[in-house]
Amino acid sequence: MAKEQLEVLKALDVAKTQLYHFTAIVVAGMGFFTDAYDLFCISLVTKLLGRLYFHVEGSPTPGSLPPQISATVNGVAFCGTLTGQLFFGWLGDKLGRKKVYGMTLLLMVVCSIGSGLSLGHSPNSVMATLCFFRFWLGFGIGGDYPLSATIMSEYANKKTRGTFIAAVFAMQGFGILAGGMVAIVVSAIFKAKFPAPSYAVDPIASTVPEADYVWRIILMLGALPAALTYYWRTKMPETARYTALVARNAKQAASDMSKVLNVKIDAEEEKVERLATDRGNAYGLFSKQFLHRHGLHLLGTATTWFLLDIAFYSQNLFQKDIFSAVGWIPKGATMSALEEVYKIARAQTLIALCGTVPGYWFTVALIDYIGRFFIQLLGFAMMTIFMLGLAFPYHYWTTSSHHIGFIVMYAFTFFFANFGPNSTTFIVPAEIFPARLRSTCHGISAASGKLGAIIGSFGFLYLAQNPNPALADHGYPPGIGVKNSLFLLAACNLLGLLFTFLVPESKGKSLEEASGEAMTEEEPTV
């Protein structure tokens with residue numbers, strides 16, 4: 001059966017790159033900038049929270065968050081993100097991308113400010129208030145994943161769609177970088193204004209009372225880019241694909257895109273009506289037809305994102321080894337509280353600058369030339385190789401004369417995560433599912449990834465503990481050790497490579513071709 005396409009969608013697919021594309025990238029990208037800032041900045045201040053609220057009189061080491069509280073403070077936003085990805089993904093298909101897009105941003109603004117204003121009569125009550133706001137902050141962040149990806153994919157032309165979606169996701173790198181830089185500046189200002197001795201010299205005076213403002217300012221500043229972007233989000237028109245294919249308002253879709261593209265577009269209401277009555281384009285998420293057409297695709301996008309995030313978020317297993325090996329972060333007792341914040345932020349900023357940001361932009365530059373499938377396959381393959389390269393001679397890497405080699409291997413592992421599945425798992429679910437289910441399926445895939453992130457961040461934190469109880473970190477039970485954990489992570493990457501074969505290539509195709517949603521003309525009756 002001969003296939004045809006609505007004129008408004010064809011106009012979008014063949015449109016030259018112009019101002020509205022860049023506006024959409026900035027508006028959606030600033031959301032991801034904020035997401036990354038808010039999610040990752042908490043790791044910069046957890047040591048400070050331990051010193052402020054869990055100081056132990058007479059202890060030779062500074063106060064630290066108890067393991068359960070540390071896991072909750074760091075992980076509660078991930079739980080909120082997972083929930084938000086499912087909820088807002090579904091809502092974006094029910095109410096429209098634009099209507100829901102502003103809600104997520106407002107939630108992020110309110111909860112970023114609320115996190116910094118966390119109060120209580122006891123340390124535990126302060127942490128409980130912080131966790132409450134961090135959960136709902138994560139809930140708003142979760143909504144940004146399916147909505148930003150879907151909006152960008154539905155606005156883009158088919159020639160450079162991968163580049164545009166990748167550019168939105170790449171703003172994560174700058175958000176992580178900004179979080180580190182803000183923490184550096186804020187801690188440096190307070191350190192200069194309120195000098196303090198190291199913990200070893202004076203445990204009490206090493207944490208000045210004014211340090212309580214530092215973590216609050218760092219967390220609250222996450223509201224700023226979100227608030228600045230809100231106006232522009234409200235001005236974006238609904239995507240033509242949602243308006244025409246889901247809301248079935250051909251006239252509105254043509255009107256909106258005529259203004260955006262500065263060309264006259266016919267409404268083609270008859271085509272939209274014929275599409276609405278086509279049973280082949282009316283199946284639901286839990287139908288046999290969806291299972292037949294897209295079941296394996298959804299399995300592929302969800303499992304690859306899940307397996308990738310287990311490995312990607314496990315990086316905290318060896319960051320402390322790297323930081324101490326190169327002398328970036330001395331022992332806590334040798335520093336004041338503000339000096340520790342400064343040095344942790346400096347170390348994480350350098351990691352982001354050298355290992356995180358470049359991989360994202362390699363994907364932006366190459367994805368529409370070599371395709372999503374190849375980049376994802378290459379990324380998983382190289383991550384497997386480098387993880388095994390770290391695991392087999394792990395004791396070799398831990399000797400002082402081989403630390404530089406360890407750092408190089410570490411950097412390449414996460415370079416190929418970002419120039420690989422960390423980017424493509426975000427891009428592909430926004431392209432290969434029908435418009436009426438696109439945001440929902442992206443949300444399911446993203447939530448699967450966030451479940452992997454929780455396992456990678458916290459499951460492996462316990463799993464990687466030394467098998468000898470005497471050598472495990474304080475408060476943690478013995479585990480299988482870092483070497484065996486690296487073997488498990490390499491296995492996750494290898495499984496990710498295999499599940500990649502369930503995901504189709506979408507390079508150079510319109511969204512309707514990639515999703516099998518292209519409208520068909522009725523054959524003449526005999």
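Backbone N, Cα and C atoms are what each Cβ position is placed from, and that goes for glycine too.
Listed in TrEMBL for this protein:
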type	residues	note
DOMAIN	24-508	domain 'Major facilitator superfamily (MFS) profile'
TRANSMEM	20-45	transmembrane segment
TRANSMEM	65-88	transmembrane segment
TRANSMEM	100-119	transmembrane segment
TRANSMEM	125-143	transmembrane segment
TRANSMEM	164-190	transmembrane segment
TRANSMEM	213-232	transmembrane segment
TRANSMEM	296-314	transmembrane segment
TRANSMEM	350-370	transmembrane segment
TRANSMEM	377-397	transmembrane segment
TRANSMEM	403-420	transmembrane segment
TRANSMEM	441-464	transmembrane segment
TRANSMEM	484-503	transmembrane segment
Remote residues contacting the transmembrane segment (125-143) - C-beta distance under 8 A, at least 6 residues beyond either end: 34-35, 38-39, 42, 49, 53, 65, 69, 72-73, 76-89, 91-92, 100, 103-108, 111-112, 114-115, 118-119, 443, 446-447, 450
The transmembrane segment (484-503) versus listed stretches 20-45, 65-88, 377-397, 403-420, 441-464: most Cβ pairs under 8 Å: 377-397
Long-range Cβ neighbours of the transmembrane segment (164-190) (under 8 Å; 6 or more residues past either end): 21, 24-25, 28-30, 32-37, 40-41, 44-45, 148-149, 152-153, 155-156, 208, 210-211, 213-214, 217-218, 221-222, 338-339, 341-342, 344-346, 348-349, 352-353, 356-357, 360-361, 363-364, 367, 418, 423, 426-427, 430-431
Recorded stretch that, among 20-45, 213-232, 403-420, has the most CB pairs under 8 Å to the transmembrane segment (65-88): 20-45
Stretch in 20-45, 213-232, 296-314, 350-370 most in contact with the transmembrane segment (403-420), if contact is a CB pair under 8 A: 350-370
Non-local residues, at least 6 beyond the ends, that sit with Cβ under 8 Å of the transmembrane segment (296-314): 376, 380, 383, 387, 414, 417, 421-422, 425-426, 428-429, 432-433, 441, 444-446, 448-457, 460, 485, 489, 492-493, 495-496, 499-504
Tertiary contacts of the transmembrane segment (20-45), as residues 6+ beyond its ends and Cβ separation under 8 Å: 73-74, 77-78, 81, 104-105, 108, 112, 134, 137-138, 141, 144-145, 148, 151-152, 155-157, 160, 164, 167-176, 178-180, 182-183, 214-215, 218-219, 221-222, 225-226, 228-229, 232-233, 236, 260-261, 316, 341, 344-345, 348
Local confidence of the prediction over the domain 'Major facilitator superfamily (MFS) profile' (24-508), expressed as mean pLDDT: 89
